[in-house]
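Feature annotations, courtesy of Swiss-Prot:
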- 2-39: topological domain 'Cytoplasmic' (TOPO_DOM)
- Lys3: N6,N6-dimethyllysine (MOD_RES)
- 40-60: transmembrane segment (TRANSMEM)
- 61-83: topological domain 'Extracellular' (TOPO_DOM)
- 84-104: transmembrane segment (TRANSMEM)
- 105-125: topological domain 'Cytoplasmic' (TOPO_DOM)
- 126-146: transmembrane segment (TRANSMEM)
- 147-167: topological domain 'Extracellular' (TOPO_DOM)
- 168-188: transmembrane segment (TRANSMEM)
- 189-201: topological domain 'Cytoplasmic' (TOPO_DOM)
- 202-222: transmembrane segment (TRANSMEM)
- 223-249: topological domain 'Extracellular' (TOPO_DOM)
- 250-270: transmembrane segment (TRANSMEM)
- 271-287: topological domain 'Cytoplasmic' (TOPO_DOM)
- Ser280: phosphoserine (MOD_RES)
- Ser283: phosphoserine (MOD_RES)
Amino acid sequence: MAKDVEAVPGEGFQTRDYQDPPPAPFIDGAELKKWSFYRAVIAEFVATLLFLYITVLTVIGYKIQSDTDAGGVDCGGVGILGIAWAFGGMIFILVYCTAGISGGHINPAVTFGLFLARKVSLPRALLYIIAQCLGAICGVGFVKAFQSSYYTRYGGGANSLADGYSTGTGLAAEIIGTFVLVYTVFSATDPKRSARDSHVPVLAPLPIGFAVFMVHLATIPITGTGINPARSFGAAVIYNKSKPWDDHWIFWVGPFIGAAIAAFYHQFVLRASGSKSLGSFRSAANV
């Protein structure tokens, strides 16, 4: 793949100091034969399990400490700020740990956005999403096992639309929140930025985790903050009450729409690589 060139006044054309990686093949049969592929799937499973275990346990703990009827105190526990830190901090830690193995997705919406941008193949995207959902179920299952007396009483960490908010408001909150997250992922992992600033790959988990933190601060009062279909799915499966299931579609449709908008914006508006990705889709279809 030839390097991109750009015009410099008075100097004609010069080679850029970075190279865009080629689009991932739509279906890559060769990667299915590699151990590294399945190792990455396992990493996504374990990372999502740990993510749900720590974060849902934090939510349950906060509700226990703030329940005055059960001996808690008003404004007790970590509060919304602490919950947001738990989600953002765990994403920072887990992305840092798994980025070199699986890319550190830990979220079907992130995987979907990267697939649309041709960063991952279809088989990888599908297996990642399955692994993330299974990991989420197991993670919340551990919370229920260790906090069986409190888990159901305090809502199981399940996402649902808060009273007083319309379905449209909840859906918009999930779309915008996921857009912020996936847009941050694209920006933090941009090969152009990584090539010019050698510290960027090391620091990439920090803005991603901080984006999760900020979105939680904004949307916990509305939906409990999904922006991660696996997180919402795992909690809904284990809690298994009607309210989370009634609202559950919001936590798949919203994040996937937000991820698609972020992928389109980054690839087609901010970068010229979008046309190349679209062309490779057409080439794959004609093979």
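Glycine too: its Cβ is placed from the backbone N, Cα and C atoms.
For the topological domain 'Extracellular' (223-249), the DSSP counts in helix, strand and coil order read 17 helix, 0 strand, 10 coil. Within the topological domain 'Extracellular' (147-167), the DSSP-based counts of helix, strand and coil residues read 8 helix, 0 strand, 13 coil. Of the candidate ranges 84-104, 126-146, 168-188, 250-270, 84-104 contributes the most Cβ pairs within a distance under 8 Å of the transmembrane segment (202-222). Across 84-104, 126-146, 168-188, the stretch most heavily in contact with the transmembrane segment (250-270), judged by Cβ pairs under 8 Å, is 168-188. Sequence-distant contacts of the topological domain 'Cytoplasmic' (105-125), counting only residues of its own chain at least 6 positions beyond either end whose CB sits under 8 Å from a CB of the stretch, comprise 23-28, 31-32, 37, 40, 44, 47-48, 51, 91, 94-95, 98, 132-133, 178, 181-182, 185-186, 227-231, 255-256, 258-260, 262-264, 266-267, 277, 280-281. Counting residues 6+ beyond its ends, the topological domain 'Extracellular' (223-249) has Cβ neighbours under 8 Å at 48, 51-52, 55-56, 87, 106-109, 129, 132-133, 135-141, 143-144, 151-152, 155-162, 165, 167, 170, 173-174, 177-178, 181, 212, 215-216, 255-256, 258 in the same chain. Mean pLDDT of the predicted structure over the topological domain 'Extracellular' (223-249): 96. Distant neighbours of the topological domain 'Extracellular' (147-167): 55-57, 59-60, 63-64, 67, 140, 221-226, 231-232, 235-236, 238-239, 241, 243-244, 246-248, 250-251; these residues of the same chain sit at least 6 beyond its ends, with a Cβ under 8 Å from one of its Cβ atoms. Taken residue by residue, the topological domain 'Cytoplasmic' (105-125) breaks down under DSSP into 13 helix, 0 strand, 8 coil.
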